[in-house]
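Each remark here refers to the structure printed beneath this line.
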Amino acid sequence: MTNITSVNTLVSASKLTCIREERILFDELSFDINAGDIVQIEGPNGAGKTSLLRILAGLSRPYAGQTFYLNEDINRCRDEYNEDLLYLGHLAGVKSELTAEENLNFNLRISGYDDFDTAAILAKVNLAGFEEALAGHLSAGQHRRTALARLWHNDCKVWILDEPFTAIDKKGVEELEQLFIQHADNGGCVILTTHQDMGIIKDDRLRKIRLDYRFV
């Protein structure tokens, strides 16, 4: 992973325009996201929050504009960016036919990790005792925590998370917020969407980028 101790800006957007089904979601959108930032993309449903996250993650192309990682166009540093990026979409990305432990093992190994204790990691997300349970038999909250468990064993600098608090109880949300603060304090950044109010991350620590629904 990239050593960014001497680098401040991690992810940048320059004049991004996104059009879906002939409707402009946002245009000429520019911003910098720095090491230590926790950034919430906010706005009503249909405003383009998920589309923006996917563009920042390099999973979708904007109609116009550029995205940068460490001041280099992500299309020219794709491998380096992918190594330093953790993207979790609003769908859990958990295979129902695998156990919680097998899902975590798969997700960590596919991300290049080979030295970890799945039971200890699952315990951190309150899944101790559910290691061998099929994901398809878990509750919605347990399903989501299975997906989020990889955050507790991850050294990517850029976390892009679409609705990470979905189906998570208040205690779980607070634990995630603490993890986000720790990650940012260690030189990473967190970019997320959520419809929930955060209790631990206060406004003086949270940056917000607002997208508004456009009718034309």
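Heads up, the Cβ atoms here are built off N, Cα and C, so glycines get one too.
Features as listed in Swiss-Prot:
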DOMAIN    11-216  domain 'ABC transporter'
BINDING   Gly43, Pro44, Asn45, Gly46, Ala47, Gly48, Lys49, Thr50  ATP binding site
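Annotated features, which come from Swiss-Prot, shown on the structure.
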residue: Gly43; record: ATP binding site; Cβ neighbours (10 Å): 18
residue: Pro44; record: ATP binding site; Cβ neighbours (10 Å): 10
residue: Asn45; record: ATP binding site; Cβ neighbours (10 Å): 8
residue: Gly46; record: ATP binding site; Cβ neighbours (10 Å): 14
residue: Ala47; record: ATP binding site; Cβ neighbours (10 Å): 18
residue: Gly48; record: ATP binding site; Cβ neighbours (10 Å): 24
residue: Lys49; record: ATP binding site; Cβ neighbours (10 Å): 25
residue: Thr50; record: ATP binding site; Cβ neighbours (10 Å): 18
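Using the Cβ center of Gly43, Pro44, Asn45, Gly46, Ala47, Gly48, Lys49, Thr50 for ATP, the list of other same-chain residues with Cβ within 8 Å runs, in sequence order, Leu25, Leu211, Tyr213. If you average pLDDT over the domain 'ABC transporter' (11-216) in this model, you get 94. In the three-state DSSP scheme, Thr50 (ATP binding site) falls into the helix class.
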